[in-house]
Amino acid sequence: MATKESKYERVEKVNVDADGATLVKNIGEDRGKEDPGMNFQDKRPANLVPGAPAGVIPNRIESLPTDRAGQRLREHLSESERLRVSRSSTSSKSSSFVEPSLKYRGEIGPIGKNGEFVASSNRQNSSSNVSSSDNSERASPASRNSNPGMNNGMTTQRTTVITESSVQGLGAQRTVPIQPHQQREDHEVITHESHARAPETTVVTIPTTRFESAQLESRRDGRTYTEDKELTIPAPVVAPQIHAHQQVNMSGGTSATIHATTDLHLASEAQINDMGPEEYERYRAKVEALARIHEDETSRKAAAYRNAVEADAELIRQTLERQHMRDIEFRKDLVESSVDRQQQEIRLEAEYAMRALEQERVNARAALDQAMASTNIDVNIDSAIGTTHSQGRVTTTSESRTSQARGPATAAVI
């Protein structure tokens with residue numbers, strides 16, 4: 001059996017119900033590890049009753065000499081009260097015993113504050129004055145152990161303390177034994193396993209619905225005409241008339257004006273008389289024939305010139321019409337090439353953005369895989385039985401390795 005200064009072999013938990021009954025539960029066994037939650041030492045004062053904490057009546061204590069136990073009991077007696085102490089010891093090797101009954105006598109107050117207890121048993125009686133210190137009383141696990149195998153056949157001593165006082169109690173009140181103070185530290189290592197992801201190929205597909213309808217209608221209307229002008233051919237002047245106008249200024253403020261007109265006749269009257277009117281008619285016919293010949297030749301030349309001008313005008317018009325069609329085709333080709341260029345730019349931008357996002361994802365995953373994360377946890381709970389402190393720290397460290405293998409390049413003929 002464990003001694004006072006050695007590690008306890010079992011750790012127990014005490015639950016107290018509304019009626020004050022205690023229920024002892026076994027938490028675990030000490031297997032020799034350095035666990036502060038299970039390997040705690042008894043820190044009770046040396047002047048207390050062996051095997052029991054302050055303010056709690058022990059029901060099982062270790063075997064001690066009778067005079068030493070009596071000396072420790074006499075140290076707790078009050079000088080102002082007269083008490084009768086009766087002590088009886090019983091040696092037994094059996095683990096069965098009768099639980100003592102507790103009664104409280106004294107003033108009504110908080111639990112465990114200056115109270116007096118009366119314990120009675122069917123086997124032995126004694127008296128002592130025991131006063132609890134505060135609400136931080138601790139019950140020894142060895143004193144509450146009801147496992148008969150823990151005695152190992154050793155001699156035990158049972159002491160029942162009966163306290164009598166002149167103060168009359170107004171009611172029954174029981175001291176609730178609480179679990180001894182424990183400091184527990186939990187160390188938990190969580191291993192996160194990440195399975196290798198299958199290689200995946202992301203194909204960005206953009207659904208495109210294209211409606212194309214081409215209908216070209218070309219209509220050409222042309223008209224070429226020439227406005228003819230009248231050709232005036234003047235007759236040749238052989239001898240024009242002579243007109244003279246002269247003004248003469250004379251002295252004395254007088255002036256004189258002279259008008260003279262001279263008509264020239266090429267043929268003399270004698271010659272006219274000699275040629276006769278028939279000759280004159282022949283002359284006039286020849287002159288008219290020459291005029292008609294000249295007019296016909298001029299008209300023919302004008303028609304040829306007009307035809308050449310009209311042909312050139314038609315050629316210029318047709319050239320301009322072809323230029324119109326070429327302009328339309330050029331504009332259509334310019335629009336198509338501009339749209340194709342913008343599509344290629346958008347495709348390149350999308351590819352670059354996807355690569356950038358993939359790189360960001362790889363960097364973020366690598367940073368998280370190789371990073372160390374820690375969290376400090378501090379819990380403080382104030383309750384009726386005291387203040388509970390719980391502190392912890394969670395640290396996560398991960399490391400990952402990624403390998404990439406590239407196969408031979410393959411070319412597909414489209």
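Just so it is clear, glycine is given a Cβ too, placed from its N, Cα and C backbone atoms.
Feature region 'Disordered', per Swiss-Prot, maps to range 388-414 of the set 172-198, 199-225, 388-414. Here Swiss-Prot gives region 'CAHS motif 2' for one range in the set 266-284, 285-303, 342-360: that range is 342-360.
For the region 'CAHS motif 1' (305-323), the DSSP counts in helix, strand and coil order read 19 helix, 0 strand, 0 coil. In the predicted structure, the coiled coil (341-376) carries a mean pLDDT of 88.
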